[in-house]
């Protein structure tokens, strides 16, 4: 059944993304990892729109929405990282620790 | 085949008002000279919100209506949530007036129209009948709040808060979207009602584990958004670093919108999983158990960690984690008063939280610090503020004659009514609620003790900007009023046919 291989690809991408968010120190890589997680969902949607239980076009429409949203989210993420870099001169996420309690 | 003109667009009047006002403000902001004072943007923002409130009030009680190919749904459930969010945003707009000192790199124009777009996202979430609109609304709310949290560009703490919000918010969105993709794969539709009809079929034909996977992924993402334990680790940092009005926004409005999302998903889309899910591994009680665990953990973790906080803003953020647990109890227990008790509690919680954060904002402005000791001697510096803060804290703690007391009582009654010897988890969650409520008195009273029984270093009067004054007075009156006369709101909520607001439109 071809859909399982797409789902496996999606699951692998999602896991890599989650692993990256949790472990990477470079803030840019953290943003990349979030994109991977969102794209894993996109692959699922497109695969389901061809091989799902009720295959139809809606999944691809959904993907168009999520691609746009992911772009907006990445833009905001990068902008916040810029502001942070200006103030702290680092992109090492481990050093963003001024609040504790 | 419907064309766009055939729809009755008047049902979307609240959203359209907010969109128009946000677009109008963003254009004005471009053309206005950079040195001009943008505090006056508060007025158009407020006019937009009040206009939207009028439209919401006018459509209350009418039969449900679906627009835009059934993706958008206006019913009493959506209207109630919209009203709460509109009131909350109006408060936050007013309290922001004069809240920010003149500082370089602070974009005050953006501040107001991003508040409006965030509100719009919440309203879209409350009334969507489709996975796509749910997700778009969620992201509109989230992305606007990412920027709002980081709006003071020069402050390191604010930057860090915004960064943590973006990363964990992005992960949560990823989980929700991944879960939604499985839901779509099983049912071939993004319409919540079609999902409901076809999900039962998928359950019986051997795909039940995928359905449960979708539920767990969505609960995971939702846990982040509503700030429930064990997904709460971002909450204290983001709440502490964000400008205080935005902290109040996150605590009150974002949480309300997330609750609207989970209610729509669970009570429409996922309902086959709760009604005799004939699955192989998990039974129909699993979904309720997951929520019970989320609710119980939130109450325990939020309360226990709040006990040892020395910073008032962090204390209130842990308290809001505990409150998230309380709000989840009605959904987890599925009692007869699910909707009225959730909405009543959210209303009371809105007034007391926004009020408490506006007092905190005043303290922070004066002492540039949100440590508990900044509250010392407040009863002498400003007796009115101290009294109002006491009222808000009593309401959050759930002490009689305040809104919070009746809200907690309502939720508790709802949980106990559904309990039975084989349904003993309800008694357990009611017990956890009682114990954590009593434990929470310690940290709420720590602030009250500071205000009344500790001497302050500074003796001069606390300066109160007029916006904050209005918010504190109105919130105090509402907190007290809801506590003394709960029937005012309960009657309105009790007369609504909630079942009809979750049924598809013919």
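From the backbone N, Cα and C atoms, a Cβ is placed for every residue, glycine too.
Source: prediction; values computed, not measured.
Copied over from TrEMBL, here are the features:
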type: DOMAIN; residues: B:128-426; note: domain 'NADH:quinone oxidoreductase/Mrp antiporter transmembrane'
type: TRANSMEM; residues: B:12-33; note: transmembrane segment
type: TRANSMEM; residues: B:40-60; note: transmembrane segment
type: TRANSMEM; residues: B:111-128; note: transmembrane segment
type: TRANSMEM; residues: B:134-151; note: transmembrane segment
type: TRANSMEM; residues: B:163-186; note: transmembrane segment
type: TRANSMEM; residues: B:246-270; note: transmembrane segment
type: TRANSMEM; residues: B:290-308; note: transmembrane segment
type: TRANSMEM; residues: B:315-337; note: transmembrane segment
type: TRANSMEM; residues: B:343-363; note: transmembrane segment
type: TRANSMEM; residues: B:384-412; note: transmembrane segment
type: TRANSMEM; residues: B:424-445; note: transmembrane segment
type: TRANSMEM; residues: B:466-485; note: transmembrane segment
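For the transmembrane segment (B:384-412), same-chain residues at least 6 beyond its ends with a Cβ under 8 Å from one of its own Cβ atoms are 319, 323, 326, 329-330, 337, 340-342, 344-345, 347-349, 351-353, 355-356, 359, 362, 375, 378, 430, 433-434, 437, 440-441, 444-445, 447-448, 451-452, 462, 464, 472-473, 475-476, 478-484, 486, 490.
Counting Cβ pairs under 8 Å that are 6 or more residues apart, the transmembrane segment (B:111-128) and the transmembrane segment (B:12-33) reach 3 or more and are in contact. Of the ranges B:12-33, B:246-270, B:315-337, the one with the most Cβ pairs under 8 Å to the transmembrane segment (B:40-60) is B:12-33.
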